[in-house]
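J.: So Swiss-Prot has the following annotated:
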type: ACT_SITE; residues: S45; note: active site, acyl-ester intermediate
type: ACT_SITE; residues: E143; note: active site, proton acceptor
type: BINDING; residues: K209, T210, G211; note: substrate binding site
type: DISULFID; residues: C52-C98; note: disulfide bond
Amino acid sequence: SPQPLEQIKLSESQLSGRVGMIEMDLASGRTLTAWRADERFPMMSTFKVVLCGAVLARVDAGDEQLERKIHYRQQDLVDYSPVSEKHLADGMTVGELCAAAITMSDNSAANLLLATVGGPAGLTAFLRQIGDNVTRLDRWETELNEALPGDARDTTTPASMAATLRKLLTSQRLSARSQLQLLQWMVDDRVAGPLIRSVLPAGWFIADKTGASKRGARGIVALLGPNNKAERIVVIYLRDTPASMAERNQQIAGIGAALIEHWQR
């Protein structure tokens, strides 16, 4: 496949939309590849990783417990809640809700967790506190996936998202235990199959979270590397494309394939 930037340009023309991408070394934070890395893109469900980072920060501070049971009702459920809809009778723990939000992209689980951190404004305040002055959450699931052209609500930039992920996974902002827990939830992602996982060679590490919108957007945040090691952060967002979801998936997989093929560069 072509070099990553060539593949990205190709994807933009095939999608008639915009691609935003960054590839960052996890250890050093050095940027290896960037395309529209400072432009805004809808986060969609990729925000759920940051959300569970905020939850884990509360756990580390002693303000929350992963074992705490949350009870909820039918009227708390929103569209696409494959795990939480099964637990109306018994409720779910905070840890189970994070697992559902990240591994299955369960929207009601995300809303229940969002309430514990003070809603969209509370999550945005957490981002500011860890030094991300760009990423913003304004709405709840499922409205946050609206992805209107030119709308800054519920957006990030590839550069800001990558830096924030790096802070959550490697800095002292979360305990070592919480860092490992956040990464493990991403390793266990069950709904990212058609994206980078579809082009992953044997023996490569991946941990990821995807996002989708009915209105022309798609995204993935991932940790990736050969020798089963999380070597780099890769963030890819698409927006304003008329292409089908299958086509969006294919283009993201193509960009992933180009990155993997030209890893040593």
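Just so it is clear, glycine is given a Cβ too, placed from its N, Cα and C backbone atoms.
Help me see these features in their spatial surroundings.
T.: Long-range Cβ proximity for S45 (active site, acyl-ester intermediate), meaning a same-chain Cβ under 8 A and a gap of 6 or more residues, is found for S105, N107, A110, N145, K209, T210, G211, A212.
Secondary structure from DSSP puts E143 (active site, proton acceptor) in a helix.
Note on T210 (substrate binding site): other Cβ atoms within 10 Å of its Cβ, all shown chains, come to 25.
Note on C98 (disulfide bond): other Cβ atoms within 10 Å of its Cβ, all shown chains, come to 27.
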J.: According to DSSP, folded down to helix, strand and coil, what is G211 (substrate binding site)?
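T.: G211 (substrate binding site) sits in a strand per DSSP.
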J.: Say we define neighbours as other CB atoms within 10 Å of the CB. Which of the recorded positions C52, E143, G211 has the fewest?
T.: E143
J.: What's the CA-CA gap between C98 (disulfide bond) and E143 (active site, proton acceptor) in angstrom, rounded?
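T.: The Cα atom of C98 (disulfide bond) is 20 Å away from the Cα atom of E143 (active site, proton acceptor).
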J.: Other than K209, T210, G211 themselves, what residues in this chain have Cβ atoms within 8 Å of the centroid of the substrate site's Cβ atoms?
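T.: Same chain, not in K209, T210, G211, Cβ within 8 Å: M44, S45, T46, K48, V49, S105, A192, D208, A212, G219, I220, V221.
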J.: Any idea what the Cα distance is from C52 (disulfide bond) over to E143 (active site, proton acceptor), rounded to a whole Å?
T.: 19
